[in-house]
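S.K.: Pulled from TrEMBL, these are the listed features:
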TRANSMEM  12-30  transmembrane segment
DOMAIN    42-391  domain 'Ammonium transporter AmtB-like'
TRANSMEM  50-68  transmembrane segment
TRANSMEM  75-99  transmembrane segment
TRANSMEM  132-152  transmembrane segment
TRANSMEM  164-183  transmembrane segment
TRANSMEM  204-222  transmembrane segment
TRANSMEM  228-249  transmembrane segment
TRANSMEM  285-307  transmembrane segment
TRANSMEM  319-340  transmembrane segment
TRANSMEM  352-378  transmembrane segment
Amino acid sequence: MPSNYLNFRNSVPWVLLLLETLFLVRSYFLFLRFDGLDSLLSSYPEFQDVNHMVIFGFGFFLMVLRRYGFSSTGFNLLIIVLGVQCSVLVEDLLVFFYLEANEGILKSIAKALISMTAVAISTGAVLGKTNLLQLIVMTLVELIVFCVSRWINRRYLEVGDHLSLMHVYLFGAYFGLAATSCFPEPSPRLDKNRSTPKSDLFSMLGSVFLWVFWPSFNSLLAQSRSQAVLNTYFALAVSAVTAFMLSALTSKDGKFRMTHIHSAVLAGGVTISFTAQMISHPWIAMILGLLGSAITVLGSHCLQRCLNPPLKIHDTSGVHFTFGLPAVLGALAQVVLLVIREWTNSSSLGYLVLLHVGAFCQTISLALITGFITGFILNTRLLKVIPVSKYFEDQFYWEVSLNVKL
């Protein structure tokens, strides 16, 4: 058994024990109370949908590699339950230092689940190249930095609480891309770095989970909840149809490609997230869903052939064209719709546009900078860096029956 594996096995349980001890101490001394439940019980079905989406949806969505299924689902569950506790801890600290109002434990957990989407997206970029210890460190750093980014947007750029959470797609995608650029590229001849019909099927199952629950995700903390649900559904429906249409048109033999379908059907939900509660006409949501799906399918061709190779970026799950580009489109659409809505109020229009563009740039800049720094830290010897030959391999972490064909 390799010595690196023994070091990894001996270090992870103690790290987990240390973190749980910290969370337990937090829950005793800080403001973690079961208050504000009565007013939020009505939103519990949407909260449960988001919980299913993050656990089941992303767990299966990340099963794109033929020999990394155990790690994709298992590690996803662990980092989410750890990350939710960490995010609630950060919210408690903000309340403790009077930087935020105490909104109740259920709302804090809801915000934590939405924030964990950033980590799930970033995990897709580094999937198969990090061990569990590295993922835990990345989760803690990313959640803290994302919370700081949201606080800057709310405090200084006057972005609403719900909208600041919807920057989670931007932050997660570009944090993950910056982090994965610091890892050695796997060999193109590496047999484990590919999918199989079985792994594609599980990944498509994750996309279906995400597709079904996405309206609840975009509306959980929105003020106009019913409007956000309807606009998200229309955008998702059009993006799904567009995904099948463009997949057949862009394939040489006219067949559907699973890579296109399992990514582009979600593009509408990402694109509409910034504007779901401000759109009053469903046809606008449908256009955004179509454009989001188109930019995902076309971006998968351009990025994988033109941009990623010269920049030496290996995006395992394609988070850039699945979440990054649609989120950029959605943020730009929000500015355009804001200009149209506030056109008559010329005195404050420029100021409002400047604030929203500033929040967009601040989110991406902070994600890229901290992603590079985190990627550099993850590649230090202290965190038990795994060799390239062990990338995308479950047997390095899990007991796998030798009789089971991976």
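Cβ atoms are placed via backbone N, Cα and C, with glycine included.
Locate each feature and note its surroundings.
M.R.: Proximity of distant same-chain residues to the transmembrane segment (12-30), defined by a Cβ-Cβ separation under 8 Å and at least 6 residues beyond the stretch ends, is recorded for 82, 85-86, 89, 92-93, 95-96, 132-133, 136.
Outside the transmembrane segment (132-152) by six or more residues, the chain places 8, 11-12, 15-16, 19, 75, 78-79, 82-83, 86-87, 90-91, 94, 99, 115-116, 118-119, 122-123, 126, 164-165, 167-168, 171-172, 175, 179, 362-363, 366-367, 370, 374, 377-378, 383-385, 397 with a CB less than 8 A from a CB of the stretch.
Residues 211, 214-216, 218-219, 222, 255-257, 260-261, 263-269, 271-273, 275-277, 279, 282, 284-290, 292-294, 296-298 of the same chain, all 6+ positions outside the transmembrane segment (228-249), place their C-beta atoms under 8 angstroms from a C-beta of that stretch.
Remote same-chain partners of the transmembrane segment (285-307), defined as residues 6 or more beyond its termini with a Cβ less than 8 Å from a stretch Cβ, comprise 230-232, 234-240, 242-243, 246-247, 250, 259-260, 263-265, 267-268, 270-272, 275-276, 279, 313, 315, 318, 320-322, 325-326, 329-330, 333.
Within its own chain, the transmembrane segment (319-340) is flanked in space by residues 121-122, 124-125, 167, 169-170, 172-174, 176-177, 263, 266-268, 270-275, 278-279, 284, 288, 291-292, 295-296, 299-300, 303, 308, 349, 352-353, 356-357, 360, which lie at least six positions past its ends and keep a Cβ under 8 Å from the stretch.
When Cβ-Cβ distances below 8 Å are used as the criterion, the transmembrane segment (352-378) is approached by residues 122, 130, 134, 137-138, 141-142, 145, 148-149, 152-153, 157-159, 164, 167, 170-183, 331, 334-335, 338-339, 342, 385 of the same chain, each at least six residues removed from its ends.
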S.K.: Among 75-99, 164-183, 204-222, point out the range having the most Cβ pairs under 8 angstroms from the transmembrane segment (50-68).
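M.R.: So the stretch in question is 204-222.
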S.K.: Using a Cβ cut-off of under 8 Å, list the residues of the same chain at least 6 residues beyond the transmembrane segment (204-222) that approach it.
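M.R.: Long-range Cβ neighbours of the transmembrane segment (204-222): 43, 45-47, 49-50, 52-53, 56-63, 107, 110-111, 114, 117, 161-162, 165-166, 228-229, 232-233, 236, 240, 258, 261-263, 265-266, 269, 272-273, 276-277.
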S.K.: Using a Cβ-Cβ cut-off of under 8 Å, list the residues of the same chain that are 6+ residues beyond the ends of the transmembrane segment (164-183) and lie near it.
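M.R.: For the transmembrane segment (164-183), the far contacts come to 111, 114-115, 117-126, 129-130, 138, 142, 145-146, 149-150, 153-154, 218, 221, 270, 273-274, 311-316, 319-320, 323-324, 326-328, 330-331, 359-360, 363-364, 366-372, 374-376, 378-379.
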S.K.: What average pLDDT is reported by the model for the domain 'Ammonium transporter AmtB-like' (42-391)?
M.R.: 88
